[in-house]
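Chemist: Handing you a structure now.
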Amino acid sequence: MTRLWASLLTVIIYILSQFLPLLIVKKLPFVQYSGIELTKAVIYIQLVLFLIAATTIILINLKIKNPTKLELEVKEPKKYIIPWALLGFALVMIYQMVVSIVLTQIYGGQQVSPNTEKLIIIARKIPIFIFFVSIIGPLLEEYVFRKVILGELFNAIKGNRIVAFIIATTVSSLIFALA
């Protein structure tokens, strides 16, 4: 399978996994449910579809015969994966604390996004949702926005590698923000 087909299928599967739960709920006998029961049904359907999508996308991407230029570049040895992950986690936590302190000083109280509040409420009522939000969703997003969009854009842009990377990263990030 060529990389272009794998990339196209990855995006299509991702989009289907996002919108199929709504179609399934509207077409199947879920109309009898309301409130939390309907929310649970949608979440379980989406969880199953995301698991199927993630598995399918991983299998498709394992079949790629011609990886992107980013994938072909020299990588750090595997022994550095855990230290880099721990360092990255620590830096993100420090960054979050600093931003939280600054926002508290500016706005006079702790700021919580409405989206985060909704996710916390759903996670309290349906604990499996945590798995969905913390593992399956980010896994699919990484494949779609980093591997496919960023990788294909980086491949398509000719010229200086650094400029190509900055442009590809910016476009991928903008698409992610709008999605």
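From the backbone N, Cα and C atoms, a Cβ is placed for every residue, glycine too.
Curation does not apply to TrEMBL; its annotations are automatic.
I grabbed these lines from TrEMBL:
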type	residues	note
DOMAIN	126-179	domain 'CAAX prenyl protease 2/Lysostaphin resistance protein A-like'
TRANSMEM	41-60	transmembrane segment
TRANSMEM	81-107	transmembrane segment
TRANSMEM	119-140	transmembrane segment
TRANSMEM	161-178	transmembrane segment
Chemist: Helix, strand, coil: count each for the residues of the domain 'CAAX prenyl protease 2/Lysostaphin resistance protein A-like' (126-179), based on DSSP.
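Modeler: So the counts come to 47 helix, 0 strand, 7 coil.
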Chemist: Give, as a single whole number between 0 and 100, the mean pLDDT over the domain 'CAAX prenyl protease 2/Lysostaphin resistance protein A-like' (126-179).
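Modeler: Per the prediction, mean pLDDT sits at 89 for the domain 'CAAX prenyl protease 2/Lysostaphin resistance protein A-like' (126-179).
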